[in-house]
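These come from Swiss-Prot:
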| type | residues | note |
| --- | --- | --- |
| BINDING | Ile14, Asn35, Lys41, Asp58, Arg120, Val187 | NADP(+) binding site |
Amino acid sequence: MTETVLVIGATGHIGVSAVIGALRTKRNVLAVVRNAAAVDKLFRLAGTRDGITTVEADITSEHGLQSVVDKVKNGELPAFQHVYSAVGGVKTTTPLKDLSIEDFRANMSINFDTNFFAYRATIGYLLSQSNPTTYTVITGAIGDVGIWPGPAMSQGALYSLGISAELENRDTNVRFNEMYLAFPVMVDEEAVKEEAAKMGVVKASDFARSYENLLAKDEIKGSRIFIFTPGDIDTLRWESKAFKGPPS
């Protein structure tokens, strides 16, 4: 049986990368998209439509992804064994003292709430399977750097979600991991532009290798994978997210 990866946020820079990586491993993709226009965009950016099934859902809604899982259970969509959550993207640069409640909520809603909804909707389905499954969430180093307070706070919350998920799945069939990214990634058609090149942007098709490598390494479980430089894409570095206590 050919396995399937559910990609949430499939038309974003990281989502497209996950789609490409999954297809390279000879797996199929179930891509969650916003609307019909996003379907055409995904096929263009991924460079193919082969092996990709799309489903429209509002991932910002509390029940949007649950409706997708329900369709899978009812046989209306392909079964999936892997989840890649790549939702987010709000990047307000407003200083903390000037951040409005509206902007704060927008950052938390898009960058954190959607990831929580994704985990809650899919984890039970992964746990119900008899074979090994995986759940991967992408986070950004901005939560530690802190230069953009709105996004930074949302990433801090997402780090904690990952710690709780690691603890809950430590002795289960689900291989939960956090992929921690510290440099910009863009879809190929954007990454090759002169301004992006000056910023050191990495192409989504290159970053895709990080997911290929993670899927192949069964020993990486309950960990944070550090992607600090492009060199880390092919030589994954990771450490357990388990609580280690105070520093010695």
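Even glycines carry a Cβ here, placed using N, Cα and C.
Overlay of Swiss-Prot annotations on the structure.
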residue	record	contacts (Cβ under 8 Å, 6+ apart)
Ile14	NADP(+) binding site	Ala86, Ile138, Leu181, Val185, Ala204, Phe207
Asn35	NADP(+) binding site	Glu56
Lys41	NADP(+) binding site	Thr11
Asp58	NADP(+) binding site	Arg34, Gly64
Arg120	NADP(+) binding site	none
Val187	NADP(+) binding site	His13, Val16, Leu45, Lys203, Ala204
The record lists Ile14, Asn35, Lys41, Asp58, Arg120, Val187 as binding NADP(+). What's the largest Cα to Cα distance among them, in Å, rounded to a whole number?
28
